[in-house]
Amino acid sequence: MAHLARTLPRRALPTQLTPYLRRAQALSTITIQPTPQRTRPTPTPTPNQPKTPLAQLRTYHSTLHPRLPDHEYTNSQTAILTAALDHVPAHGFTSTALTLGARDAGFLDVSVQLLPRGEFDLILFWLASRRGLLRGKVEEGGLFRRIAAEKGKDVYELGVEERVRGLLLERLRMNDEVRHVWQDALAQMSLLSNIPLSLTELHALASDILTLSGDASVDAAWYTRRLAVSAIYASSEVVMTRDPTPDLSETAAFVERRFEDRQAIADKFTGLGQCASFGWNTAVGLGRSWGLKI
Amino acid sequence: MRNCALKLCRQPMRAPSSVFLDFLAPSTVKYSQCRHASTTAGTAGEPKPRYVLSKEQREFMDSALRVNQAGELAATLIYTAQTPQIVRSYPHLRPLMKHMYDQEAGHLKTFNGLVAKHQVRPTAMYPAWEVAATFLGWSTAALGREAAMACTEAVETEIGSHYNDQVREILSWEADAERRGEELDEELKDMLATFRRIRDEELEHLDHAVANDSKEAKPYDPLVDVIRFGCRTAIKISEKI
């Protein structure tokens, strides 16, 4: 299959492809984070095995070092996928969209076979690229200022919780243009073989949202917060597909309620923990006062 | 005709390939530029290029920070659990226990900061280690002062050698960087200094433990062996998850 990539139409490359590459470049913060890999991929893919996107789970991050390349789609795959995203609102996450995208990018129709997972690759690319755009928006700095302005606050007064909520809503709004086809995508993602990658991507999104919001939990809360954000995001996506309001106000209300629920559950657990530790300390103190060597 | 078409198609791929790779692996390109520049530039006064961490090195730092955080968490909890019982029978040990606890709490704070800063995932066994460490501290203190000190000795021996391994690894990177005419970035240098300081403090605790009759603990060998084995297992687990 790889020789197909090499045997592209001649004129297609410099002229038609460059806009897509430029756009792909704009999405350079894309992260697809599927299964970790034992060995580094060889630069020359084996002829019969199309290169599948693989990237590592999040590792040591430092501002002094550039981010590792987040996804391992090849150039041609990225070009096809980027072009295909334009056709998603009209054709859904289907092979038609992929074919049209390949044509737009100047490839032969058959080159959609460069993408071994087909439509699911398109869905993953959509998710990953939206995540990259979200990160881009935050790093530009305008997003939190806007969220703060909507609440009538200064950007420094925004708490982590409010930032998380704002980012999650913003990410949901990015799905607005595809919401009529999103149920199909959700169905694809819930297929048994696709579940691991979908969950990895969901975790990556939750992790990104929390990190960008400035969450600095370093204990078990790291896990519970990511779980909570993932759960809220996933359920809101389902609600969004049935939301008739044009500005997603029902979804926004749903998200608000879920965050309130989360807070209620968290309070309950904190209360239980405090109660248990109080009882335990009392028991130990009582024992010690009786002269027990504990 | 097919051959002809293929010939036409193959030619242009050479030229644009660099354009393609440029955006796909911006960091790779940067690395190679760094390395190339470093071989020629060697003049004094100019800041040396920064040593770029490979994926394996990042993974090493990832698990190192995770293990260290878990280790310091366990250490603080062990001392917290030991202190009341020890101090009750041996009030003169109060300042020593407080001193050791304060140092461990400082280490934990350092590593919590590093874990957050470098976006390292904390260990999934966090609650389990909390319970295990508290139990370890409480049970050894219940066995008496000598057993508690033997526990400290076993734990600090393991932790000290673990920090030593990490320091050695980072030093090997430094040597590698030296060979290339590069230097480690500030964060890594700071971290190296921190690891060394913390290692020395842990070994100081070891000395305190030996000075306080840790060798007198009654079933000394089994006790220390079990605790050391437990520590090594915990380190292995925390490195992964």
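Every residue gets a Cβ built from N, Cα and C, even glycine.
Note that the coordinates shown come from a computational prediction; the quantities given were computed from them, not determined experimentally.
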In TrEMBL, Fe cation 2 binding by B:Glu156, B:Glu202, B:His205 extends, among B:Glu59, B:Glu104, B:Glu239, to B:Glu104
Check TrEMBL for me: it has B:Glu104, B:His107, B:Glu202 binding Fe cation 1, so pick out which one of B:Glu72, B:Glu146, B:Glu169 it puts in that same site. B:Glu72
Listed in sequence order, residues not in B:Glu104, B:Glu156, B:Glu202, B:His205 with Cβ within 8 Å of the centre of the Fe cation 2 site Cβ atoms: B:Ala75, B:Met100, B:Gln103, B:Thr152, B:Val155, B:Ile159, B:Gly160, B:Glu201, B:Leu203, B:Glu204, B:Leu206
Which residues does B:Glu156 (Fe cation 2 binding site) neighbour through Cβ under 8 Å, counting only same-chain ones at least six apart? B:Glu202, B:Leu203, B:His205, B:Leu206, B:Ala209
Minimal Cβ count within 10 Å, across the binding-site residues B:Glu72, B:Glu202, points to B:Glu72
